[in-house]
Every structure is written in structure tokens, then in C-alpha cells.
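J.: Could you have a look at this structure, given as C-alpha cells, before my questions?
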Amino acid sequence: MRTYPDVTRGRRLVGAALATVVVALGSLTACSEAGSEQASITYAGFGGTYEEAVRAALFDPYSTEADVTVRYDSSGSDVAKLVQMSRSGSMTLDLIDAEDSSLAQFMAADILQPIDTKSLTGFADPSAVTEYSVPWYTFSRNLFWNKDEVPGGLDSWADLFDTQRIPGKRGLVALPWGILEGALIADGVPVDQLYPLDLNRAFAKLETIRKDTVFFPSNGDLQNAISQGEIVLGYGNLARIKSIATSGAVPLEYTWKGAVLSVQQLVVPKGAPDQAHAVEAIRYSMKPEVQKAIMDKLGYTPSQQSVLDGLDAQTRADLPGTAETASAETFRIDVDWWAKNGADVLKRWQDWQNA
Amino acid sequence: MTTTPTAPETDRAEPASRTTGGRRRPRGWDLSGIPAAVVVAVVFVLPVAILCLRSVTEPTFGLENFTRLLGHAGYRDNIVRTILISAAATFLALLFGYPIAYQMVHGGRWLRTFLTVAIMAPYLTSILLRSFSWLVILGRQGPVNKLLEQVGLEPVGMVFTPIAVVVSLSHYLLPLMILPLAATMRSLGDSRTRAATSLGAGPAQAFVRVYLPLTKPGIQAGAVLCFVYGIGAFVIPALLGGSEGSMLGSLIHSAIKQSGDYGLASAAALVLGALVLAIVVGFQRLTGMSTTELAGRSGTATIRAARTGRGGRRLLKFAGRAAGGLDRLGLTRSRRLPKILAAVLGALVLAPQFIVVPISFAATKALVFPPVGYSTQWYAEFFTASWLDPLTVSVRIAFFVTIVAGVLGTLAAMAVVRGTVHRWGTLTSTLMMLPLLFPTVVAAAGFYVEFERIGLVDTELGIVLAHVTLALPFVFSVVSAGLRSLSPVYERAAASLGASRTVQLRRIVLPLIAPSIATAGLFAFLTSFDESTVAIFLSGVEVKTLPKRIFEALSLETNPTVAVISVFVMGCAAVVWLGYALVRRLTQTPRSHR
């Protein structure tokens with residue numbers, strides 16, 4: 001049979017391609033096999049600058065000391081997703097960073113692993129410790145504004161809803177807790193009579209700022225938009241606000257009035273692949289130096305009394321939940337109410353969001 | 001990924017059986033399409049079908065999700081907004097695309113080359129990176145607002161509004177508009193316009209009354225493609241739209257990922273899928289163009305006589321008269337004006353590509369243009385595990401996808417082009433092209449929900465499988481085109497000399513279509529490497545692809561490292577493109593049949 005010149009050329013090309021593929025496959029399998037012997041845990045937090053801070057304060061030192069690799073996921077606030085994962089038996093996370101409202105939902109859904117916390121002591125507020133969780137700091141969400149765009153600033157939740165006096169885009173995270181309460185406060189409900197939440201009234205009040213508000217899927221998105229100058233006022237996590245203010249991207253100011261206080265807890269989900277190391281990391285997070293580092297990096301209040309005792313008045317004046325920052329308008333979310341009604345409210349919230 | 005294979009013509013499957021002088025009747029390649037068909041059916045069609053089923057079973061059996069979706073004014077608004085945004089973006093793409101396409105066909109050599117580059121360069125850049133550019137351009141501190149302030153106007157909030165979505169989406173859709181338009185125009189030539197001018201029409205009148213109606217098939221194909229891809233958009237509204245610019249795609253994503261509300265997500269996905277289907281079917285009825293033709297994005301295999309309705313005719317007459325008026329005023333005498341217009345539009349299309357270069361050297365995290373200071377810190381940041389690991393994952397996945405889709409797609413192409421059972425061929429090619437036409441976000445939602453049950457979420461295998469279905473249409477159509485240009489005579493000759501089918505394949509067919517397979521492989525690789533929608537749904541902690549990492553950086557952090565990747569991708573695209581052109585030249589010159 002006569003061989004055509006272009007057949008040989010083509011055949012050589014195919015041969016070369018095949019050789020490349022074989023070499024590549026070989027090297028890839030070699031790649032994927034390496035480095036799977038060390039113990040590793042996966043932590044679900046909230047990404048962005050929060051993750052950076054938690055990494056530096058807790059996981060980097062823990063990882064070195066215990067020789068455990070830590071992997072990071074940013075789905076800490078996706079309660080529904082985490083519940084779904086646990087129920088379908090496909091839990092890939094070992095350690096979840098949960099604020100008290102999420103904790104309540106996790107507990108209601110019964111997806112948490114009990115933790116042996118007897119050996120952990122010295123909490124400033126022992127009542128925050130549960131069978132399933134260890135409080136590691138107190139945080140807050142505060143009203144904030146861009147000094148250039150909102151000269152008068154904000155003094156209360158009513159100001160956030162006053163689009164006449166303060167025009168401009170408001171930024172909120174698309175999670176209902178705190179915001180529904182804030183809407184009711186703005187509408188004149190006294191802080192001690194918030195619960196049970198009058199949902200119709202809260203949603204009606206929210207409707208009045210819908211056109212001026214962007215709801216972000218996560219704290220990170222909100223932070224992003226604030227630092228790009230797209231959002232000029234709103235309500236968000238204090239650590240994120242402080243991070244923007246110190247970076248100098250935009251001149252940001254915040255107030256303690258109307259702040260929502262919350263306890264941040266560490267939990268281990270049922271079916272976590274490496275529960276032992278997860279609990280070990282929680283124990284590690286109670287070390288005074290870790291607690292101090294969290295305070296320095298995020299601006300939040302340590303849960304260990306010994307660390308609190310060592311602080312001066314000036315430091316305490318800018319920490320959530322201390323006597324210095326408490327005011328009549330500062331409040332805590334009713335975790336029990338949210339545990340009972342959270343799922344229904346979320347559904348209504350989602351419908352409203354898309355409306 | 002946005003790529004342009006040529007359309008396979010399904011109606012020409014030539015039976016190879018009546019040839020060999022009676023003694024041996026070689027069977028066709030019918031069975032070789034089975035593996036690819038099974039993969040598409042099981043990995044793509046099945047999850048989507050189950051997702052659709054879920055819309056009436058989750059959480060309880062009934063139409064609850066649909067009454068919730070269609071009974072709630074907010075969700076209805078979302079559906080209407082999805083259609084309106086897509087329509088507006090399509091219109092804008094036509095407005096920009098028509099003059100560009102015109103000059104790409106009729107302009108001088110330099111203008112043609114420039115416009116081709118201007119269209120192709122963004123086409124090769126990830127939709128995520130382009131969204132990043134628009135975030136910078138339309139931002140509060142971006143060049144547009146800077147310009148407004150210089151003129152003494154108030155800055156306008158465009159990000160997180162439908163404006164940003166429409167602008168960015170039309171930029172993304174532009175090539176889909178231009179390719180069919182240019183193909184139609186190329187097949188026309190300018191003889192008819194010249195005839196009209198010689199009969200006394202001015203340039204504007206000849207254009208409006210003769211040229212424009214003749215390009216109607218191109219406009220139709222381009223508009224349908226843009227519209228269909230537009231309503232399935234997910235990344236752009238998710239990053240730029242905020243709540244005001246939310247579309248069905250972003251609704252599906254947030255319903256699944258944020259609230260775990262599979263019932264609502266399935267219902268929304270079904271509505272989106274039904275919209276696409278209705279548009280495509282309506283289009284086919286109207287023009288007689290086939291689905292595969294449309295999905296192949298040439299839309300020009302045949303230019304049908306432009307039929308214009310009565311209303312359209314009256315409008316055309318009126319426009320023609322107006323154009324005649326312009327001609328008489330001498331306003332259209334200039335032959336340079338349309339060229340300048342096209343060049344300016346081309347430059348505008350290309351500009352977002354380069355805005356990232358100064359941003360990549362920014363000294364601060366803020367997305368200010370031009371940056372306040374300069375540094376190379378983001379380049380240093382790129383060369384850390386946080387970015388290089390996802391890059392490796394993406395490359396590895398793309399490799400596997402290229403191999404699997406390459407083999408399956410080539411076999412399927414053999415089945416359709418060299419098969420003997422006509423009906424099988426049509427079925428296979430429809431199945432192969434389905435993933436290209438169906439909204440990726442719906443498929444991604446289907447993958448996520450089904451893969452989660454069998455533990456394939458957040459695994460390389462899961463992403464590879466999903467990407468294979470998305471890459472198959474490209475491989476299939478490119479290799480089919482290659483096979484069609486290859487005369488079956490060689491195989492028949494080999495068969496008559498006693499070569500078995502595998503020997504024919506190995507020694508005759510594969511070597512001859514190697515260039516097509518190489519091109520198809522490149523498409524498959526790029527499709528997977530650049531794929532963001534599926535990756536955003538399927539990847540997590542274990543497996544994080546580069547697009548997923550970029551999406552995180554854009555939504556969770558203000559991170560100029562994304563600009564570095566843009567620059568990096570531009571460089572790579574240039575190298576790959578040059579290399580590809582070189583390979584093509586080297587392998588194709590000695591070919592006689594073509």
C-alpha cells in the first residue's frame with residue numbers, strides 16, 4: 001500500500017500527542033498521590049479578612065504545633081447547606097464557626113456532635129457553654145457609615161431607615177437575624193419587647209428601604225462593596241468594618257448604638273471526618289495567647305475571664321459586650337425564638353428578598 | 001468557554017455500505033456513538049430530568065413550588081427582569097455588532113484584522129475576569145464616574161443595578177451576535193448593493209432597503225443565540241447585579257447554595273429551561289434552521305429569502321425614505337465614517353481587556369482607576385499556593401476532560417458521519433449538541449443536587465464528568481466537520497485491500513483528521529479550564545478550580561490578584577493562539593483536498 005505523505009505527518013502528530021498524554025497522566029497521578037499522609041481538618045468560617053485573622057490567630061500556630069493541615073471553607077453562614085450535608089451523610093467539615101443564631105439552628109436540627117468540655121474552664125460567661133459548643137469570643141454587628149457621604153452619621157436604627165435625611169445606598173447581609181429586630185426598633189418597638197417578632201410589621205418597615213438597599217450573600221461581599229465605595233451606610237460585622245476603616249480605602253465610622261451582640265461558638269458536626277483533631281483545635285483556641293490574638297486581629301471580646309482581666313479601660317471601651325460599650329439600645333438576639341421560627345422566617349425572608 | 005466550531009450538517013450522513021463491489025459489506029460506525037451518548041444521557045440529561053422532577057416533589061408532591069414562584073409578585077418580577085435584561089443586552093449587542101460585523105466583511109485588511117482581534121480577545125478571556133473589568137470600569141471610583149465628575153455631574157451608581165448587568169452581558173454576548181452576522185454578510189457580497197446604487201439609490205437607501213433585509217437571517221440567528229445565552233446568565237448578575245439586577249440564574253444559585261431550597265431552585269430551573277426551549281423551537285418554526293445549526297453558531301448554512309411581514313415592509317419603506325432623505329442631504333457621502341465608527345466600537349470592545357493592566361500593578365486593595373500607587377505585590381501574591389493550587393487543579397481537570405471528551409467525541413463523530421442508520425445519527429448529534437444550547441446554570445444545579453447524593457460534589461471526578469458533557473459538543477462538531485471533508489474513498493480502498501475497521505481507523509482516518517482532533521482537543525481543554533458555572537456549584541474545599549478561586553476573590557475579597565490573572569491569561573491566550581495558527585499552517589499546507 002502506498003503511504004501518502006500527509007498520513008505519515010498526521011500519524012507522527014497523533015503519536016506525539018499520545019506520548020504527551022501518557023507523560024502528563026503519569027505525572028498527574030504521581031502528583032495526586034503525594035502529600036495525603038498528614039492529618040488534616042477542614043474548618044468552615046466566613047472567608048476573606050475574617051479567615052485571614054482566624055488563620056493567623058488560631059490555625060497557623062495550631063497547625064505547626066499539632067502537625068495538622070487545616071483546610072478552609074467559607075460556608076460558615078450557610079446553615080441550610082451544612083444541615084443538608086450532615087443529613088445526607090456527606091459531611092466534609094470538621095469544625096464550624098457558628099454564631100449563636102446558627103448554633104440554635106444546628107441544635108434544633110440535631111446535627112452536632114457533643115463535645116467533652118469538662119476540662120475547659122475559666123469562661124467569663126459559663127452560661128454560654130453548651131453540650132455541643134464552646135464560646136470563643138463575643139462579637140457585634142454595628143451600624144456604620146462613610147464619613148464623606150453621610151456627614152451627619154447614624155445615631156440609631158431609625159436613621160438607617162430615614163432615606164429622606166440620609167440618601168445613599170445601604171448595604172446589608174442577606175440574613176434576617178438582627179435586621180428584622182432593627183427594623184422593629186426603627187419602627188418604635190422598645191428593645192425589651194421585640195419578641196415574639198412582629199414579622200408583618202418588620203417586613204413592612206424593610207419595604208420602605210428596599211429601593212435603597214443592596215443585600216449581599218455574605219459578609220465578605222458586603223465588605224467588598226463598602227471598600228469599593230458602592231455602599232455608603234449599613235449594618236455589618238464590626239471586624240469587617242474596622243478592617244476597612246484601618247485599610248484607609250474609605251473613611252468609615254461606626255457606632256455602638258443599636259449594635260447587636262452575639263457569641264461566636266466553635267462546634268463539631270456529626271459525621272465529621274476527624275473529630276479528635278477538631279476538638280483539639282477548639283481546646284487550643286482557649287489558650288490565652290490565641291484569645292488575645294483574636295482580640296487584636298478582629299477587635300472582639302475574649303471568652304476567657306483571665307484574658308479580660310488583663311485589659312485596660314481604653315481597650316475595653318471598644319470591645320463588644322463590655323460595660324463601656326453597653327447602651328440601652330444594644331441588644332442580643334433571642335436564640336430560642338430563632339431556633340423555633342428560623343426556618344419559616346428564612347423562607348419568608350427569601351421570598352421577600354426576591355420580590 | 002466561548003468557542004466557535006463549525007456546524008455539523010446532520011442531514012448528510014453518507015452510508016459507506018454500498019461501495020465495496022458486493023463481496024464484503026463493511027458495517028457502519030453506528031455503535032461507536034454509544035459511549036458518548038450514554039455519558040451525555042446519564043451525566044447531563046438524567047440529573048436535569050431529576051431536577052425537573054424535584055420541582056413537583058420537593059418538599060411535598062404537588063405544584064407548591066410553582067404556585068410559590070409564579071404566585072409571588074417578586075419572583076414573577078425576577079422572571080420578567082431576566083427576559084428584559086437579556087433582551088436589552090441582545091439589542092445592545094446588535095447595535096454594536098452590526099457595524100463591526102459589516103466592516104469585518106467589507107472593510108480593508110487592517111480594519112478587518114483589528115476588528116477580529118477586538119472580538120476574539122475578550123472571547124478568549126474568562127467571563128469572571130471580564131466581570132472584574134466591568135466592576136472596575138462601572139465602579140464608584142472607576143473611569144466612567146471619574147469622567148462624569150470631570151464634566152461636573154454627580155457620580156452614578158451602576159454596579160449592583162441592572163445597568164451593570166446589561167452592559168457586561170452585551171459585551172459577553174457580542175461575539176455570538178457578530179459571528180452569524182459576519183457569516184451572512186460574507187455570503188452576500190456587495191453585488192446587490194452595487195446594483196441598487198447603479199439604479200439610483202443613495203448609499204443609505206441602498207443599505208436600508210437592500211442590504212439590511214438580506215442580512216435578516218444573520219440578525220435572527222445572532223439575536224436568538226444572544227437571547228438564549230443571556231437568559232441563562234449566572235456569573236454576571238451574581239457578581240454585578242446585586243438584588244436589583246438579579247436574574248433567574250442567580251436565583252437558582254442562591255436558592256440552592258444559600259437556602260438549600262431545592263424545590264424552588266428546581267421550579268426556577270424548569271422555567272428557565274422552558275423559556276430557552278420555547279425560544280429555540282419558535283425560532284426553528286420561523287426560519288427552518290435546525291438546532292444543531294444554531295448551536296454550532298454559524299447559522300448560515302443556507303441563506304433563506306428574507307421574508308418580511310406587512311408591518312415590517314411598511315416600516316422598511318418608511319426607513320428607506322428617511323435614508324433617501326439623508327442621502328439627498330449628502331450626509332452619507334463619506335465612505336470613511338462607517339469605518340471610523342466600527343474602529344471606535346472595536347476599540348471600546350477591547351478596552352475592558354486592558355483596564356486590568358494598571359490595576360494589576362496597584363499599590364492598594366481598592367479598585368481605583370487609575371491606581372493611587374504602583375507595586376508588584378499582586379504578582380507576588382499570585383505565585384503562592386492560594387492561587388497556584390487552584391491553577392494546578394484546573395489544568396489537571398482540563399487534561400482529563402480533553403482526553404475523555406476527545407475520545408468519546410471522535411467516536412460519536414464517526415458514528416454520525418460514517419454511520420448507516422440515519423435516525424441514530426440525528427439522535428446522537430442532537431444529544432451531543434444539547435449541553436451547548438441548554439442553560440449551563442440549570443445543568444450545574446442538576447449536577448450539584450444529584451452528585452451530592454452519590455458523593456461526587458467537591459471531587460475531581462465529578463467536575464471532570466460534568467465538564468466532559470460541556471466539552472463534547474465542541475469536540476463532536478469540530479471532528480465531524482473534519483471527517484466530512486475527508487473522502488470515504490480512502491477507507492473503502494483500504495477495506496477492499498482487507499484492512500479491518502480498527503486498522504482503517506488507526507492508519508487512515510485518525511492520521512488524516514489529526515489536525516481536527518488537535519483543534520477539538522484545544523477547545524475541550526479551554527472549555528474545561530475556563531468553565532466557571534459548574535465549578536462554582538461543584539467545587540468546594542477539596543477541589544478548587546481557578547475559576548472558583550477567582551469567583552471567591554471577586555465576591556469575598558477585594559483582591560487585585562484577579563487583575564494579574566487577567567494579564568496572565570491574556571499572555572497565555574496570545575501564545576496559544578499564535579501556536580495554534582502556526583500548527584495549522586504547518587499541518588494544512590500540503591493537504592490537497594480541502
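Glycine is no exception: its Cβ is also placed from the backbone N, Cα and C atoms.
Where the annotation comes from TrEMBL, it is an automatic prediction and has not been curated.
So TrEMBL has the following annotated:
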type: DOMAIN; residues: B:79-283; note: domain 'ABC transmembrane type-1'
type: DOMAIN; residues: B:391-580; note: domain 'ABC transmembrane type-1'
type: REGION; residues: B:1-27; note: region 'Disordered'
type: TRANSMEM; residues: B:33-56; note: transmembrane segment
type: TRANSMEM; residues: B:79-101; note: transmembrane segment
type: TRANSMEM; residues: B:113-137; note: transmembrane segment
type: TRANSMEM; residues: B:157-182; note: transmembrane segment
type: TRANSMEM; residues: B:221-242; note: transmembrane segment
type: TRANSMEM; residues: B:262-283; note: transmembrane segment
type: TRANSMEM; residues: B:340-363; note: transmembrane segment
type: TRANSMEM; residues: B:397-417; note: transmembrane segment
type: TRANSMEM; residues: B:429-449; note: transmembrane segment
type: TRANSMEM; residues: B:461-487; note: transmembrane segment
type: TRANSMEM; residues: B:508-529; note: transmembrane segment
type: TRANSMEM; residues: B:562-583; note: transmembrane segment
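Describe the structural context of each listed feature in the structure shown, including burial, neighbouring residues and relevant distances.
T.: Long-range contacts of the transmembrane segment (B:33-56) within its own chain (CB-CB distance under 8 A, at least 6 residues past either end) are made by residues 62-63, 65-66, 262-263, 266-267, 269-270, 273, 408-409, 411-412, 414-416, 419, 424-425, 427-428, 431-432, 434-435, 438, 442-443, 445-447, 449-451, 465-466, 468-469, 472, 476.
Among residues of the same chain six or more beyond the transmembrane segment (B:79-101), those with a C-beta under 8 A of the stretch's C-beta atoms are 69, 115, 118-119, 162, 165-167, 169-170, 173-174, 176-178, 181-182, 185, 218-219, 222-223, 226-227, 230-231, 233, 237, 245-249, 271-272, 275, 338, 341-342, 345-346, 348-349.
If one looks beyond the transmembrane segment (B:157-182) by at least 6 residues along the same chain, the residues whose Cβ comes under 8 Å of a Cβ in the stretch are 2, 4, 81, 85-86, 88-90, 92-94, 96-98, 100-101, 104-105, 119-120, 122-123, 127, 130-131, 134-135, 138-140, 144-145, 215, 217-219, 221-223, 225-226, 229-230, 233, 236-237, 240-245, 247, 297-300, 349, 352.
Sequence-distant contacts of the transmembrane segment (B:221-242) (same chain, at least 6 residues past either end, Cβ-Cβ under 8 Å): 82-83, 85-87, 89-90, 93-94, 97, 127-128, 131, 134-135, 138, 159-162, 164-165, 168-169, 172-173, 176-181, 184, 248-250, 252-253, 272, 275-276, 279-280, 283, 287, 289, 294, 297, 299-300, 437, 439-442, 444, 532-533, 536, 551, 554-555.
Same-chain neighbours of the transmembrane segment (B:340-363): 96, 99-100, 102-104, 107, 111, 114-115, 117-119, 121-122, 125, 129-130, 132-134, 136-137, 143, 171, 174, 369-379, 560, 562-564, 566-567, 570, counting only residues six or more beyond its ends whose CB sits under 8 Å from a CB of the stretch.
Beyond the transmembrane segment (B:397-417), the same-chain residues lying 6 or more positions past its ends with a Cβ under 8 Å from any Cβ of the stretch are 8, 10, 13-14, 28-37, 39, 424-425, 428-429, 432, 460, 463-464, 467-468, 471-472, 474-476, 479-480, 482-484, 505, 509, 517, 520-521, 524-529, 543, 545.
Beyond the transmembrane segment (B:429-449), the same-chain residues lying 6 or more positions past its ends with a Cβ under 8 Å from any Cβ of the stretch are 8, 10, 36-37, 40-41, 43-45, 47-48, 50-51, 54, 228, 231-234, 249, 252-253, 256, 262, 265-266, 269, 272-273, 276, 280, 291-292, 294-296, 409, 412, 416, 457, 462, 466, 469-470, 472-474, 476-477, 480, 533-534, 536-538.
Listed by sequence, the residues of this chain that lie at least six past the ends of the transmembrane segment (B:461-487) yet keep a Cβ under 8 A from its Cβ atoms are 3, 5-9, 12, 36, 39-40, 43-44, 292, 295-296, 397-398, 400-402, 404-406, 408-410, 412-414, 416-418, 429, 432-436, 440, 443-444, 447, 451, 509, 512-513, 515-517, 519-521, 523-524, 527-528, 531, 534-535, 538-539, 543, 545, 593-594.
For the transmembrane segment (B:508-529), same-chain residues at least 6 beyond its ends with a Cβ under 8 Å from one of its own Cβ atoms are 1, 3, 5, 124, 394-395, 397-399, 401-402, 405-406, 409-410, 414, 464, 467, 470-471, 474-475, 478-479, 481-483, 486, 490-491, 494, 499, 546, 576, 580, 583-584, 587-588.
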J.: Please give the sequence-distant neighbours of the transmembrane segment (B:113-137): residues at least 6 beyond its ends with Cβ less than 8 Å from one of its Cβ atoms.
T.: 2, 100, 103-104, 107, 143-144, 159, 164, 167-168, 171-172, 174-175, 178, 235-236, 239-240, 342-343, 346-347, 349-350, 352-353, 355-356, 359, 367, 369, 526, 530, 532, 547, 550-551, 554, 562-563, 565-566, 569-570, 573, 577
J.: Is the transmembrane segment (B:262-283) packed against any residues at least 6 beyond its ends, judged by a Cβ distance under 8 Å, and which are they?
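T.: Same-chain contacts beyond the flanks: 48, 51-55, 57-59, 64-66, 68-69, 75, 79, 82-83, 220, 224, 227-228, 231-232, 248-249, 251-252, 255-256, 289, 291, 294, 437-439, 441-442, 445-446, 449.
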